[in-house]
Every structure is written in structure tokens, then in C-alpha cells.
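Participant: Please find one structure pasted underneath; my questions will follow.
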């Protein structure tokens, strides 16, 4: 931790300005200067983690290799940095409070009155320092907006850290909005000025202003912001909208963000090697080919629920010089008459609950019968089994016990005890609490030879991430396989991890979530081959 330098990223004016992408972009530039870099996300909500939050409330829950259910921004960090992060890279107010209360119960505070300062702020600082071990730089994104009640003690902890570590070890970057008033054709800086004033009132002074704006800022506006916010003019970085989030590091580099960073940290001039990155971004922005993927989901009112999967399709497309267009198909309304004209492949993602299930099953049946390339992920694979049992084997009562505990043919069921990734026995029942009771994190999968999965991964054993409670019931396996639906992937205790259909261009189901390991620089192999199959069909 001694060598680590810290860049804290806060947000002002309003939420959803792109602090996560900004943090990822800064980290990417520093990483391409051959530094050891990581990112930490602080979430100011009181939930322990987002695991039990509705996707429509929070967006996607991203699962790390060590089984943590985290904020979707952790997914951005992994995809930009092309490295695995852990539960150390995300914490919530709920976790902070739980730790402090647990320590108090153990008597670790020697009978003192427990207060926000110093006990809560000390726990925050401890976690930040712990995440910085072995690094040159730790970028810390603070969720929420300056002025929110929930974020006050995080800003206090940042103030204290800067005092403890010294100015040469800490930079504060404030992401803010420069709104454009169309009627007067003006960009307004007043919201930024007020946001910085509030931040400074709380004891934190920004050294870099990252100004989100729909239009470029001229020198006079930059000078005005610099003067009113007490930063140097080259520390006002304009972040206009880009055609791809992966173009943001290039934009920041062009805007000169590394100049104030190097100056503040007493570093030589920074020269990131971005040629390979630039090539991939060019293929995203101006691809030679196009495919259309029918995405059958039920959380379509907030597409951030499927963020990693959307990005995984973009990664595969970039490596195939292909624009992947998504045709959003609401599973609640999908039926045998739904128009699939121009759709090159069908994707059925993971999910929870009974709503929209029959529409997904119908989409799978059409992909099977119409020879459309198909990829089913987690629940998507489970429903492929249900569809096959109902419509090929004639088991009309086939279902998952998630939706009907008394179904006639429970082809998907709840395993009440299993070994977790640490080889510890876990027990779960239909009455178990929802939080943290799933099969979570990275597990090994043995791939059968001569399968589409082996062709994609090019090795007999892989590791992929899971997030589910229900498993495929092996009782009916022989009946499926006699009809051409083969099991091609096995996990520990012979759990069924992957299936594929014979005599079909591409019909694959996987119990794991391949999207969680896809990166711009290294797309997930099975998603890459899925897009290849769609491209061949188109």
C-alpha cells in the first residue's frame, strides 16, 4: 500500500453521469503505461449487496470470480482492465455498518461510544487501503451525488485519507454536468460551480474537473470553470458523448487528462500504448458486417439489467468486424406469430421468476425448429430442457420446480446440498433466505470432446461464473440424449453445465454466465462462436 496513489472519483449535479466509465477510462490509460492499477466502487446504499435487489431497481448484479454479488460498474472495470477483480473491489454502507456493529459486539472498541467519526470512517479507510495493496494506483469511485445524505461520511473519510497520505498521494476528480440550453444556444457552468462549492464545503477539493457536455467547450468556458473551481485550466477535461464507451480512454487522452495526473503525482510524462485498443474501437464504430440478434428478455424497461451480455456481444462483434444489432423481444408477449424476419439468431438470457417463461420457451422452440442459431444462458438453458421435454419427448407436464414445485416432470429442480467453490458443503431449501444462497462465482466445467463447446474454448476444462439456485435434473438425461440433445459439460458432482443439439447449426445451452468473463481484448469463446454462427446465417 505504501507505493499506492489514490484517485477518488466523485459526481455532482445529478446521477448517471458516467463515473464508472470515467474511472475505467483513467485506469485503462494508467494500465497501458505499465502501472499496476485497480478500481474500487463504493456504494452508499444500506443493502449488504445488490443480490436481492430487483434488476429494474438496480440494474445488473455482476458476479466476481470469488462469488461476490456486486455493482454493475465492477463489470465495466473488469472489461476495461481485462483482469479479474474480487469482493475487495466493492463495498456498501450495509457492509460497513455490519462490520462496525460486529466489532462492537466483539468488544474491539474497548467500550467506547460508537460514532460515524472515527469508527465508521476508520472502517472505510481500512477497506480502501486493503484494496490498494500491491498497486501503483487505486481509482476509487464514490457512488451517488455530492450532497446526498448517504455519501457524507465517505467524503469525510476521503478528506482524512488525503490528510494522512499527503497531497502527492491523492487526486480528487469531480465528474459534473455542463447542460446545454437549446433556446439560447448556451452551455451553462453554474451547476458545476455550485457542485464544487458543496464538495469543498465538505472538506474535499477537486484537482480535476471532468465536465460531461453534449458539445465541446471553448477556451473561455474552460477558463471560467478553472477559475471558479480553483483548478488549473488544463485540469478541466471535457467528456463529450462518444459512439462507444470504449472510445472514452482515447477521448480522455486527447483531452490531456494524464498531464495534471502526472504533475500532481510528480511523475514523468505518461505515454500509454493504445494502438491495439484503438484498432478494436475502430471495428466497433465502423464495422464491415452486421448481424441481428433476437434478445428474448423480461427486464426490457431497464436494459442495464443485461449490461454484461450486451457488452459481450459488442466484444465478439469487434473481433469479427461486425456490428451486433439487438432486436429486443419481450418474453411476456412472445408467441408463435412473433415476427423474426431478419433475425439471425436467438439469445435467451438468465433471469428469475415465472413472469415471461412461456414466451421464452416458445422462442426456444422456434429457434430449434427454424434452425436459428441459439444460445441459452442459465435460465435460458434450463428452459431449453423444459421445451425439449415437452415438445420432443412428449412430457407435457415438464417444468422447473422454481415455477411449480408439484409439476409432473421436474426436469429442473433445487439441489438441497452442494459443494461451494471453497469445497464447503452448503444446504439450501425452498425456505432458505434469498441473499447469498445461490451457487455463486467461478466453478470448473469439464467439456466433452468433439462438441461445439470444445471447438469454442479449445480445451477440455474451463472455469466460468455461476449465479443460480436450480439445476438440471439428470433423471431424464438418457431420454434427451436418445433424441439428440447431448450433455457436453459437467461440473463438480456431475452437475449438468452445458447442452447442445445435434443436427442444428448452433443450439447451445450453458448453466454458467459466459458474459461475466468477456472482455474487449478477449471476448468469451462461446459468445464469439454464437456470433460467428449468426454471421454465417446472415
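Including glycine, each Cβ sits where the backbone N, Cα and C put it.
Per Swiss-Prot, the feature region 'Amidoligase domain' maps to 1-267; the stated evidence is sequence analysis. The CTP binding site annotation in Swiss-Prot covers 15, 148, 149, 150, 188, 189, 190, 191, 192, 193, 224. Taken from Swiss-Prot, the feature UTP binding site applies to 15, 188, 189, 190, 191, 192, 193, 224, supported by sequence analysis. Look at Swiss-Prot and you will find 16, 17, 18, 19, 20, 21, 73 tagged as ATP binding site. According to Swiss-Prot, the feature Mg(2+) binding site maps to 73, 141. Swiss-Prot lists 292-538 with the feature domain 'Glutamine amidotransferase type-1', giving sequence analysis as the kind of evidence. Per Swiss-Prot, L-glutamine binding site is recorded for 351, 379, 380, 381, 382, 402, 469, and the stated evidence type is sequence analysis. Per Swiss-Prot, the feature active site, nucleophile maps to 378; the stated evidence is sequence analysis. The feature active site is assigned by Swiss-Prot to 513, 515, with sequence analysis given as support.
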Participant: What kind of secondary structure is residue 515 (active site) part of, going by DSSP in three states?
Facilitator: helix
Participant: To test your reading of the L-glutamine site: which residues beyond 351, 379, 380, 381, 382, 402, 469, same chain only, put their Cβ within 8 Å of the Cβ centroid of those residues?
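Facilitator: Once 351, 379, 380, 381, 382, 402, 469 are set aside, the remaining close residues are 350, 352, 378, 383, 400, 412, 468, 470.
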Participant: In angstrom units, rounded to an integer, how far apart are the Cα atoms of residue 190 (CTP binding site) and residue 515 (active site)?
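Facilitator: Computed Cα spacing between residue 190 (CTP binding site) and residue 515 (active site) is 41 Å.
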Participant: Report the largest Cα to Cα distance, in Å and rounded to a whole number, among the residues 16, 17, 18, 19, 20, 21, 73 that the record lists as binding ATP.
Facilitator: 13
Participant: Hey, of the binding-site residues listed (19, 190), which one tops the CB count within 10 A?
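Facilitator: When each Cβ's neighbours within 10 Å are tallied, 19 leads.
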Participant: Helix, strand or coil for residue 15 (CTP binding site)? Use DSSP.
Facilitator: coil
Participant: Would you count the other C-beta atoms found within 10 angstroms of the C-beta of residue 402 (L-glutamine binding site) for me?
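Facilitator: Summing over all protein chains shown, residue 402 (L-glutamine binding site) has 21 other Cβ atoms within 10 Å.
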Participant: Would you identify which of the recorded positions 188, 224, 469, 513 has the most other C-beta atoms lying within 10 angstroms of its C-beta?
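Facilitator: The most densely surrounded of these recorded positions is 513.
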Participant: Are there binding-site residues among 141, 149, 191, 379, 380 that sit within 10 Å of residue 20 (ATP binding site), Cα to Cα? If so, list them; otherwise say none.
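Facilitator: Passing the 10 Å Cα cut: 141.
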Participant: In the structure shown, which of the binding-site residues 16, 382 has the fewest other Cβ atoms within 10 Å?
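Facilitator: Each of the binding-site residues 16, 382 was scored; lowest Cβ tally within 10 Å is 16.
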Participant: Where the distance is taken from Cα to Cα, which of the recorded positions 191, 378, 469 turns out closest to residue 19 (ATP binding site)?
Facilitator: 191
Participant: Looking at the binding-site residues 15, 189, 192, which has the shortest Cα distance to residue 380 (L-glutamine binding site)?
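Facilitator: Result: the closest of the binding-site residues to residue 380 (L-glutamine binding site) is 15.
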Participant: Hey, of the binding-site residues listed (15, 193), which one tops the CB count within 10 A?
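Facilitator: Result of the Cβ crowding comparison: 193.
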Participant: Long-range neighbours only, meaning 6 or more apart in sequence with Cβ under 8 Å: which ones does residue 73 (ATP binding site) have?
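Facilitator: 19, 20, 23, 24, 41, 62, 141 - these are the non-local Cβ neighbours of residue 73 (ATP binding site), listed in sequence order.
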